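K.L.:
Following this message is one structure expressed as structure tokens.
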Amino acid sequence: LILAWMGLEINTMAIIPLMAQQHHPRATEATTKYFLTQATAAAMILFASTMNAWTMGDWNINQISHPLATTTVTLALALKIGLAPMHFWLPEVLQGLNLTTGLVLSTWQKLAPFALILQISQNTNPALLTTLGVMSALVGGWGGLNQTQLRKLLAYSSIAHLGWMIIILQFMPALTLLNLTIYITMTSTMFLSLKIMASTKINSLALAWPKTPTLTTLIMLSLLSLGGLPPLTGFMPKWLILQELAKQDLPITATIMAMSALLSLFFYLR
């Protein structure tokens, strides 16, 4: 656990110069917000691991068994990746960054906390994971509805997708990994396409068709895939997750998740 904490801290320290490189008040503010949330989460992880060692005498991440310690670590990792209700920093931070750093924040920075969440998921309280997942999917759907900024849209999209990954984690970790892989691929496509077009607002995308019809088509398909529209790739993880939730006898959870996907799909379509 100490090594995991060190790795997360080094990871945070390494991205901060990238975020602050623009010397713009907006970028500095985003960097400060990011640093404070990540430092808080890391401190929570250190506190929980110390508490687990104190009560159980074990520093091993697979043996973390004290209920309070597992809950604290899960909440700290949720804060690190921006799961609802600890998501408030993510849209603000992403909005203050350029598209390249935004890409790193949305994809690469999710891998380390996710690796830890996967390792402790079997000992975590299932109700906590379900609550985090459902809330994230709903917040990701509602939050993106009235946005005009593409980076904020992608931030809310990230929150919603992470909700889908967390909800299925306790039943089928392989589906979580599949969803994460597909999400990273599609988000990278979106960020890189927007970077080529140098557009950060929805109305600048409206003028893109005469300039780059091929790229605009690719962006449209990526957005619909992020929304989970068949027959595109993004539909596959959602379908498999809903199927697994129904198998686990959780019809209400599955229904709420499907409805939240419709909210997300609405703003992607728009």
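Cβ atoms here come from the backbone N, Cα and C positions, even for glycine.
Copying in the features that TrEMBL gives for the protein in this structure:
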DOMAIN    1-263  domain 'NADH:quinone oxidoreductase/Mrp antiporter transmembrane'
TRANSMEM  35-56  transmembrane segment
TRANSMEM  68-90  transmembrane segment
TRANSMEM  127-146  transmembrane segment
TRANSMEM  153-171  transmembrane segment
TRANSMEM  177-194  transmembrane segment
TRANSMEM  215-232  transmembrane segment
TRANSMEM  252-269  transmembrane segment
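Describe the structural surroundings of these features, if you would.
P.N.:
Long-range Cβ contacts of the transmembrane segment (127-146) within its own chain (Cβ-Cβ under 8 Å, at least 6 residues beyond either end) map to 71, 74-75, 78, 83-85, 87, 91, 121, 152-153, 156-170, 250, 253, 256-257, 260-264, 266-267.
Within the same chain, residues 78, 81-84, 87, 90-91, 93-95, 102, 106, 110, 114, 117-118, 121-122, 124, 126, 129-130, 132-141, 143-144, 147, 179-180, 183, 187, 190-191, 202, 226, 237-238, 241, 244-245, 248, 253, 257, 260-261, 264, 267-268 sit at least 6 positions outside the transmembrane segment (153-171) and bring their C-beta atoms closer than 8 Å to a C-beta of that stretch.
Among residues of the same chain six or more beyond the transmembrane segment (177-194), those with a C-beta under 8 A of the stretch's C-beta atoms are 99-100, 102-103, 106-107, 110, 114, 118, 150, 154, 157-158, 161, 164-165, 168, 200, 215, 218-219, 222-223, 225-226, 233-234, 236-237, 240-241.
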K.L.:
Count, for each of 68-90, 215-232, 252-269, the Cβ pairs lying under 8 Å from the transmembrane segment (35-56), and report the range with the highest count.
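P.N.:
Per the Cβ under 8 Å count, 68-90.
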K.L.:
Residues sitting near the transmembrane segment (215-232): Cβ under 8 Å, six or more positions beyond its termini, same chain?
P.N.:
157, 161, 183, 186-187, 189-190, 193-194, 196-197, 205, 208-209, 238-239, 261, 264-265, 268-269
K.L.:
Can you tell me which parts of the same chain pack against the transmembrane segment (68-90), counting only residues 6+ beyond its ends and a CB-CB cutoff under 8 A?
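P.N.:
Residues packing against the transmembrane segment (68-90) from afar: 8, 33-34, 37-38, 40-42, 44-45, 47-49, 51-52, 55-56, 109-110, 113-114, 116-117, 120, 123-125, 128-129, 132, 135-136, 138-140, 155, 158-159, 162-163, 166.
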